[in-house]
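Let me begin by presenting the structure, written as structure tokens, before commenting on it.
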């Protein structure tokens, strides 16, 4: 029986200078092409500028062997026959704040996250942002307290215990509550120390990682999609693209598309950590060799089965606000949108279910176009500032929820400043990367799933009218007087210049309980006639009678003067008119619609 190798991706994330690259190097036995600060700029500055990859292998633990489905392990050329191995691929993500785009790209291919903390400094800004990304994109966490060699020997254990308690408290309100925390010294003495200095705690860390790892569910079906992080040429062979398979599978001789360039190439050969293979599937990290392709055209990006990705100009996404982000998410605001392997600016419009559907079960993998949605001036959340939530009138005008009642699911229309190529149902992260990187604030604003991409450049005309997002409009006026038992005159609902003909046929409610229908304009001053199909109640007539009596007593010769006087006469108490209607945001005819 050939040896088998199961691949699991472990992300190494944390603040700049926390020792992530040194830790990955200490853990690794095999370095992949993109590993360990290969970029000259990165080596000079001592920070990781791109995703570095390396790996180590251990015998597959017995607890994982028994549950291993046959299709989840890929045959390899070199392991000892019959000895299945667990290959841990380490994804070393940069910790520099301005490179958060790269971190987000890396987190999407990670099965378990190692959060590296400098034990002398504790939780820092980028550590917190990495933790936020981990909560979105990852299920398991191991916290590594690095640089314990810098702690005074006599106080070392006390300092480690103190930081462990701090981290446990930090994780308490996250999905990673109770995650294991382990102290190490990846490179005792720091970067300048001689290589002879042995790392501390690495065997224990490997043991901990092995105990925490579970074999991810891998699915070879579906279209092939690979996240490419490095591209280079080999003389006489061709161009090699290295990366991790996000979905599907691939075999020798298959055709792949580089969607950003609209180029299709045939797979000539494949390698996984320097070992030739004939096929690979979701979760595997490999290099694909193609011919006649300039590696300079693609440093990072996506490679896929031909025509399986779409390029979109806008998208409908589900939205969930990141609680650590300060401030509201407002309609018309611009955010950095990370989708697929790209980060572009996008303008957002938020919307929610209609108020009656606020408690409906969230649908995570599709968008229902037959349903009506309520426009929102901003994402609804319980942490809105009092200045916003106290303004009930503004809330009503926008049709927003008051008293902290929030819908279980919300969405946004994102309009990208330039088209993006991405898979369907992919992760979307919105952030404010232009915020000051030195302030101690979370720049990650929201996350969600891309539910529907709009590929037509003219989507505003061809698609958006299908999207039934409405604003709820409320107008209030007064009944000036009754004309007879079945009609009244209203005022103060419209401006003088309003074309009242547009509102004819709309229903209004009187504060006395009657239902009326706008019948016609009355004069030129914005007044209008309302028909009351059920007639005025005796109580309403009593309120509105002063004007009727005055008109009845008026003599013929004084008709005009008395009519003017009657118009000025007020009822004994105000009767308020309420007009409520929907206006659909993308209706080109701007029609007003009322519920039956």
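Heads up, the Cβ atoms here are built off N, Cα and C, so glycines get one too.
Between 352, 537, Swiss-Prot assigns phosphoserine to 537; no such entry appears for the others, which is not proof they lack it.
When 149, 161, 219 are compared with the GDP site residues 19, 21, 22, 187 in Swiss-Prot, the one appearing in that site is 149. Region 'G3' is the annotation Swiss-Prot gives to one range among 84-87, 88-91, 92-95, and that range is 92-95. Checked against Swiss-Prot, the range among 142-145, 146-149, 150-153, 154-157 recorded as region 'G4' is 146-149. Only residues 6 or more beyond the boundaries of the region 'G4' (146-149), in the same chain, are considered here, and those with a CB under 8 A from a CB of the stretch are 18-19, 22-23, 116-120, 156, 160, 183-186, 188-189, 200-201.
Within the same chain, residues at least 6 positions away in sequence whose Cβ sits under 8 Å from that of residue 537 (phosphoserine) are 512, 513, 514. Under DSSP, residues within the region 'G4' (146-149) fall into helix, strand and coil as 2 helix, 1 strand, 1 coil.
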